[in-house]
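TrEMBL has this to say about the protein:
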type: ACT_SITE; residues: GLU73; note: active site, proton acceptor
type: BINDING; residues: GLY103, ALA104, SER105, ILE106, GLN107; note: ATP binding site
Amino acid sequence: MASDYMEPIMAFISESIPHQKHIETPVFFLATAGLRLLDDSTQEEILTDITKDLRAKYDFPKIESQVISGSFEGVYSWISINKDRLSDSSRGVKSYGMIEMGGASIQVTFELNPEIEDLILKDLNNNDAILAFKNQQVIMNLDSSHTVKLFAGTFLGLGVNSGREAAIDLLVRDYFKNTTVNVLEDKKTNGIEILLKDPCLTFGSSETVLRPTALLQDPFYPIGYTLKEREETFRARLEGIGDFLYCMDLLERALKIVKIEKLNCQAETKYCSMSLLSTEFIPYSQYPFIGLARCTLPQMQ
């Protein structure tokens with residue numbers, strides 16, 4: 001159950017807040033990119049389980065859970081590293097920009113003023129990138145008389161875990177470009193296992209992952225696809241060759257492809273954040289930037 005994952009957090013909250021205050025204390029579980037990658041019904045199922053189960057187990061009737069946008073995820077992180085600079089006495093101090101890499105997305109958030117915004121817009125080289133930049137801005141009220149304007153961009157599917165899946169999908173695509181064997185004719189699809197040399201794994205290590213069989217049926221199937229429950233899969237066994245330059249080349253190619261294929265961008269949305277990849281939209285010369293990253297090591301065999 002999804003709520004089991006939250007038990008240690010709820011136990012900490014329950015012990016830290018006086019018992020007589022539990023009934024009036026709101027508790028919010030804000031889900032981020034890992035859930036944004038899932039379909040609406042799966043999101044709802046997980047959130048309902050968390051809310052109902054934890055309300056039943058704990059004396060916190062005001063438990064709420066929801067999926068937040070990538071922009072708000074970035075805003076919350078930006079506030080956490082700039083809270084000391086948001087006071088009246090520190091308003092003249094330059095804020096930090098923030099680049100955060102989670103498991104399923106990357107957030108880029110920084111303060112905007114007219115001068116910096118004009119500089120960035122002049123450097124953006126196409127209308128799609130300009131549209132993506134303008135549509136990911138947030139105005140935040142600090143108090144009744146002060147506001148701050150932020151760029152809060154999110155790149156869904158380029159986090160540590162999901163970005164690696166995109167790179168693996170590209171290895172699969174390369175594999176079938178360079179082989180004449182039609183594995184779909186040789187055996188049932190769900191019994192397929194292919195062997196791939198992975199430059200991003202250390203030499204001698206290995207890992208087996210499941211990827212959608214659609215990758216085998218269509219050489220141009222979008223990379224970085226998120227598996228759905230009960231979807232047909234094949235096994236990709238990855239053997240590490242520990243080639244840093246080859247790994248860098250693979251990741252750069254993956255970024256170019258997800259930009260072209262508009263990874264995780266909905267057709268009805270007027271802009272795609274992937275349009276900003278390979279552009280000069282981050283003002284490194286104007287702000288000090290802090291990088292936050294989730295480090296995840298694959299299970300080696």
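The backbone N, Cα and C atoms fix where each Cβ goes, glycine too.
Shown here: features listed in TrEMBL, placed on the structure.
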residue: GLU73; record: active site, proton acceptor; CB count, 10 Å: 23
residue: GLY103; record: ATP binding site; CB count, 10 Å: 16
residue: ALA104; record: ATP binding site; CB count, 10 Å: 26
residue: SER105; record: ATP binding site; CB count, 10 Å: 26
residue: ILE106; record: ATP binding site; CB count, 10 Å: 23
residue: GLN107; record: ATP binding site; CB count, 10 Å: 27
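Between the alpha carbons (Cα) of GLU73 (active site, proton acceptor) and SER105 (ATP binding site) lies a span of roughly 10 Å. Cβ proximity to the ATP site centre (mean Cβ of GLY103, ALA104, SER105, ILE106, GLN107, cutoff 8 Å) flags the following additional same-chain residues: THR32, ALA33, GLY70, GLU73, GLU100, MET101, GLY102, THR154, PHE155, LEU156, LEU158, GLY159, VAL160, SER162. Mapped onto three states, the DSSP output places GLU73 (active site, proton acceptor) in helix. For the recorded site, GLY103 (ATP binding site), the DSSP three-state label reads coil.
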